[in-house]
């Protein structure tokens, strides 16, 4: 075999993401790449993302294609991956992360604090819905599905009439990869809207045996290229975020947000667990092994009322500062992946101690 086959979902965004990875692997490994389109359960179903039947709806078919030899590599949006490891498979590379923030795409260039009372804002994510309502309880949050163009079209409208939404909230990373950043009217500061664990990052998965003992020269070249593609600060950051999600026993559709920064030996992680109606948020941060409640939190560490814990004055929404200045961190060293995961688990335990399970379906089930 002289060609590396890369499996991907067939959506425009998935194919674009995979194209970036394919180009990088071709450049690093010097081999040809063939794209294999795989239709997943999440692509077939039409219900709300929150009710699609658990984790893995966008990745199981891709993993099956890897295991049965239809492809040699699978590219996933890392936030879609279940936190449990897949037997026989390895995440061989986590490339440099895109900006992980969520963004508002609103009519007339409006920002979040400028939307009129009762404005209709579309999202398919309980996490986004909860934090939107915490910041702006007067909004009407509308559950939506569809690709990026479909969602943006519900704001912009068409020749047949205006759109039925005033705004949608999307991941900035997806818009950047599609070249659609002109639709963004505000990048939402993580103090208002913490992203999903792993948002903005990709996972490149292979068969473990091919990585440990490549059976052909081209797969050996692939293993070398994947090692070069891996961005260690991103890998460490998402390891912390995903370990938090795993310890909370929450799926990718749970109202849980997390964002980590790795800077040399320093790891900063912030997370939120929310009631889906936005009336209560529990938000904490951890730096290395010291737990720090974010500025403005109540001294008793109890779950806080949403509007108090999520500023709605728009002061943070348009700036690009804080833990997302560099998508996953500024430097390597100091942390191993298990250290990062331990930090995530530690913060999850703190959230559970402080009552996270009273707000959302997280933690051990009785």
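Note: Cβ is positioned from N, Cα and C throughout, glycine not excepted.
Copied over from TrEMBL:
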| type | residues | note |
| --- | --- | --- |
| DOMAIN | 4-210 | domain 'Porphobilinogen deaminase N-terminal' |
| DOMAIN | 236-280 | domain 'Porphobilinogen deaminase C-terminal' |
| MOD_RES | 252 | S-(dipyrrolylmethanemethyl)cysteine |
| REGION | 296-347 | region 'Disordered' |
| COMPBIAS | 322-339 | compositional bias 'Basic and acidic residues' |
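The 10 Å shell around the Cβ of residue 252 (S-(dipyrrolylmethanemethyl)cysteine) contains 28 further Cβ atoms across the protein chains shown. Taken as a whole, the domain 'Porphobilinogen deaminase N-terminal' (4-210) shows an average pLDDT of 92 in this prediction. Summarised by DSSP class, the composition of the domain 'Porphobilinogen deaminase C-terminal' (236-280) is 12 helix, 18 strand, 15 coil.
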